[in-house]
Amino acid sequence: MPVSFPPGFLWGTATAAYQIEGAAQEDGRGPSIWDTFSHTPGRTRGGDTGDVAADHYHRAPDDVRTMAELGVNAYRFSVSWPRVQPTGRGPAVQKGLDFYRALADDLLDRGITPVLTLYHWDLPQALEDEGGWPARDTAQRFADYAGLVADALGDRVERWTTLNEPWCSAFLGYGSGVHAPGRTDPVDALRAAHHLNLAHGLAAHALRAVLPGHAQLSISLNTCAVRARTDRDADRDARRRVDALANRVFTGPLLHGAYPEDLLDDTAHLTDWSFVHADDPATIARHPLDSLGVNYYAPTVVSAAAGGPASTADDGHGASAHSPWPGADRVSFHQQPGERTDMGWGVDPTGLYDLLTHYAREAPGLPLFVTENGAAYPDRPAADGTVHDVRRIRYLHGHIAALHRALADGADVRGYFVWSLLDNFEWSYGYAKRFGIVHVDYATQTRTPKASARWYARLARTGVLPDPVVP
Ligand code: PNW
C-alpha cells in the first residue's frame, strides 16, 4: 500500500535568518546577540560566525529557484529583527523590509507558500544591553517589531509564527549559556521563558490588529519527547520534571491559560514567579493559536539521579558547567542506544509519533505542523560532484512514515518542513554540522542538491512516500 498524504499537505523546507543570510553589516542591519556571541572567542566552534554564512542575503532568488525546481510548496524562513530595527526599537529600516517583501513575492510567484517566523534567536544587541529576555520590556519591544513586519508583509504573507523554540532562547541562552547571549542564571532563564510567552501574546495582539482575518497564527516549539528510562516512580518523576521545564512551561500558558502547578512547586526554591503579573496568563492566551509548530529531532531519555544538579554533559544540548534545567536537579540524561546523527542525537521516529498524537489529545482541534525535522551528517560531494546522503534519506523516510502513522491515528497534521534547505551556521557548532538537503561549499557558495533533495522532491511532487533509496 502506498503511503500517501492528503492533497494540500504542505511539503516545505526551513531555514533561519542568522544561519543563512550573512551580510551582517549591510543595509543598516544592527548587531544581534548572535553577532556578539559568535565574535566572542571560545563561544562557537573554531570561532565561526554568521558574517557570511550561506550568503543567502545576496542569493535569495537562486535559492528560491532551487526550491521551485525541487517542487516544494512551502518555505519557512525567519525575519532578522536587527535588519528591521537595528536597535530593537524605532522606525523600520525600509531596505530590511524590502528584502523580505521581495522574498515573499518571489515565493508566491513560484507557487511556494511563505511561512514567516518573526524570531529565530537574533535579539538586537541593544535590547540585550537593556536586560534581554529576562527584562519584561523586551516583550513589548517584540510586539512593536511584530506590528512593523505585519504592516509591511501582511498583504502577502498569511502564515505567521511568533517565536521559534523559545526553550532554546530561554534555557540555552540564559541557563546553560551555550547559546547567545551566554548568560548562566537559572532565575533569568525562567524569567526569559515567561517574557517569551508574554512576547508571543503581545505580538499576537499586534498581529491580529493589522493582519487580515484569515491570517494564521502559530508558534514553533522544540517539543521534547521525554521518556523515563524505567517505569520506577523516581524515573517517572524525573520525566515529569523535565516535561514541565521543556514543554509545559510554554504549552501551559499558551494552550491552557496557566503555568502548571508542579512547575511552580519544582522551582519554588529558586523563585516565587512574581515576575508573572496577574493579567499575563490572559494576555498570553488571548488570541488562540491557529496551529502549533512541532520541531523534533531526537527523543530525550531521563532517570532520577542520586544528587546534585541535572547532569549537563550528555543531555545533547551542548556541554556546559551550568544546567539548562533549573529546578530539575537530580536528573540524569541518557543516550538512546543505537544509531546517531553527527550531532550525537539518537534516531528514533517513534518520538515524533508520540509528540503528534500527544498534542492531538492535549489540544483537540488544533492543527499541527512539523516545522522542523532533519539530521546532520558529514556530507561531502563525491568525485562526480553528487552527494549521496543515504542516511539522511533513511532518517527523513522514517520520520515522515511516523508522521503518516500519527495522521492515520487522528492527529491533524497539515504539513512537514525539513530542516534545512541549506547547510548553514549550526549555532555553537558553527559550520561543522550539515543539516541541508542542499550542500553548500562555503569557499565558493556553490549549491549542490544532495540525493535527499531529489528524494524529497519526489515526495513533494507526488504526495506519496518514496522508498528510502537514492533516486
Ligand atoms: C533547532 N538541542 O535548534 C533550531 O530551530 C535550528 O535553528 C537548528 O539549526 C536545528 O534545530 C538543529 O539543531 C536546536 O540542544 C538547537 O536539543 C539545540 C537543540 C535542539 C534544537
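Each Cβ is built from the backbone N, Cα and C atoms, and glycine gets one as well.
Here TrEMBL flags Gln19, His120, Asn164, Tyr297, Trp419, Glu426, Trp427 as substrate binding site. DSSP assigns Asn164 (substrate binding site) to a strand in the three-state reduction.
The region 'Disordered' annotation in TrEMBL covers 27-48 (among others).
Residues or ranges marked as active site, proton donor in TrEMBL: Glu165.
If you look up TrEMBL, you'll see 307-327 (among others) marked as region 'Disordered'.
All protein chains included, Glu372 (active site, nucleophile) registers 23 other Cβ atoms within 10 Å of its own Cβ. Taken from TrEMBL, the feature active site, nucleophile applies to Glu372.
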Secondary structure content, the region 'Disordered' (27-48) (per DSSP, counts of residues): 9 helix, 1 strand, 12 coil
Euclidean distance between Cα atoms of Glu165 (active site, proton donor) and His120 (substrate binding site), Å: 8
Cα-Cα distance linking Trp419 (substrate binding site) and Glu372 (active site, nucleophile), given in Å to the nearest integer: 5
For Asn164 (substrate binding site), the number of other Cβ atoms found within 10 Å of its own Cβ: 24
Where the record names Gln19, His120, Asn164, Tyr297, Trp419, Glu426, Trp427 as binding substrate, the maximum Cα to Cα distance in Å: 18
